[in-house]
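A short worksheet on the structure shown next.
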Amino acid sequence: MTVHDDSHPESDDQDQGLFSLDKSVTSRAYVAEIWKRRDFALSLPIEELQSSHKDTLFGNIWHLGNPLLTAGVYYLVFGKFLEVSRGVDNFVVWLIIGVFTYQLTSGTILGGASSITSRQGLMRSFRFPRAIVPISNMIGELLAFAFQFLVIVIFAFATGVGPSRRWFLLPVILLIHTAFNLGGSFIAARLNDGFRDIQQLIPFVLRLAMYASGVMFPLDRIVGRNDLVDWLVRLNPIASLINFYRWMILGTELNVATSALTVVESLLILWFGFRFFKVAEYRYGQS
Amino acid sequence: MTALSVQVTDLHIEFEVFSDRRAGLRQRLATQEGSGRRVIEAVNGVSFETRRGEAIGVIGSNGSGKSTLLSALAGLIKPTSGEILVSSEPKLLGVGAVLLNGATGIRNIRLGCLALGMSSEELDDRVAEIVEFTGLGEAIDRPLKTYSAGMRARLHFAISTAVQPEILLVDEALAVGDKEFRKKSRAKIESLLANAGTLFLVSHSTNEIQRLCTRGLWLEKGKILADGPVTDVVAEYGADN
């Protein structure tokens, strides 16, 4: 047996002497370190996904069954009993797009915040870039969203919405959306590590953001009454992110200037969130 | 003399702990006291050097700072002050290491090896060999939560040695295994040392330390009380207890 560790380039430097493990690394080196552990980042959420419904009779069917039932309830309540349209064509599909895509954002941010505390044991046992913890939470949420998206497509087709060329932009939309979610998740994770009270507050912030993002009703219901609310709604990238999906599937209007602003905002939040998280790298999992 | 593998200089590690009784929010805001915060010096000015091929047995009573020292060597805890230099990233997997309880043994092996930095291609090549080494048989497909302490220890040891570290840190992992596994793990450690690796072994069993180690390090209240040939240090430790 040869004692040599190919996966660690630093062990090749051994002849040049000793090094310290706790020196902080550049962002580029940090990202490279995360990339090297990509299989680890992937295996965590997949493991969790596979074991999440193990104690149920239908098991993995629930990954699809849960969003299917959620959408079914909305269809019955809003589409059949109340016949709500709120001035929107195909309100049921419009609504479930809003609910599921907003759930991707709120789930990623809330899960990111709690992941730092719930994965403490893993962090105390293994040395790896801590950003992997919120990243693998994000991957888990994306996997759950894949099933929800399938349900959206099923309901869209069932209500006569056909595929269009806009659908080819799905990867781009997902990428922008994920940049925003991950950035928010990094920020929430760091804040929650410093003050555990944050975890109690985030759900309320997210619920407020939900009403300001046009998830359940069109935003023109709340704009035009108060200047401050108007500005908040206009700057809110989540509303615009949700609208990307509605534009893609239902062909709702898309404001080019607002969309461009959303792309910039999402990238800025990811950049800021990453740096904000990385600064406190050594503190995660210590307390 | 062979090359240095670890160099620790004036290492201090402090923990901030909260005592059970914390004062109310109003009192804390008014007086700035009663936050329940206390600082504990887990490691208090430790310095030593180790060379390749050395096996260091760390002994001391409960709470003497042994495990904290090992965690710091592994880079899992940031020193409050002082410096730790290493020739290669040490790998630590103590009995308390946390894996996924709901997942099977084999999935935990995959996860642990990936977490320690193994690539998935290398893992695919070697997973059978690692499973074989654990000697867990069919139990490898059972969830980790059904494992006994000894079975967990085997799994942990198999994972941490699978990445073939140059510096291996073992925290009480061996004593729990059965006789056959102890023999296997001993062979593994000997091959590591023969390849100019370095071993740190924390154990309460001075027998085990004497069997496996060449050098003893006696830690008490975060300070080194004795450092030297293992038989001398163990004798001194034994005389004191």
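Residue numbers in this text run from 1 along the chain shown.
Glycine residues also receive a Cβ, built from the backbone N, Cα and C atoms like all the rest.
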Per TrEMBL record, range annotated transmembrane segment [choices A:61-79, A:232-250]: A:61-79
Residues of the parent chain within Cβ reach of the transmembrane segment (A:61-79), under 8 Å, 6 or more residues beyond its termini: 49, 53, 91-92, 95-96, 99-100, 144, 147-148, 150-152, 154-155
Leading stretch by Cβ pairs under 8 Å, where the reference is the transmembrane segment (A:167-189) and the options are A:91-111, A:201-219, A:256-277: A:256-277
Considering the transmembrane segment (A:201-219), which listed stretch of A:91-111, A:131-155, A:256-277 counts the most C-beta pairs under 8 Å: A:91-111
Outside the transmembrane segment (A:256-277), six or more residues from its ends: residues with CB under 8 Å to it: 27, 130-131, 134, 176-177, 179-180, 182-187, 189-190, 234-235, 237, 240-241, 244
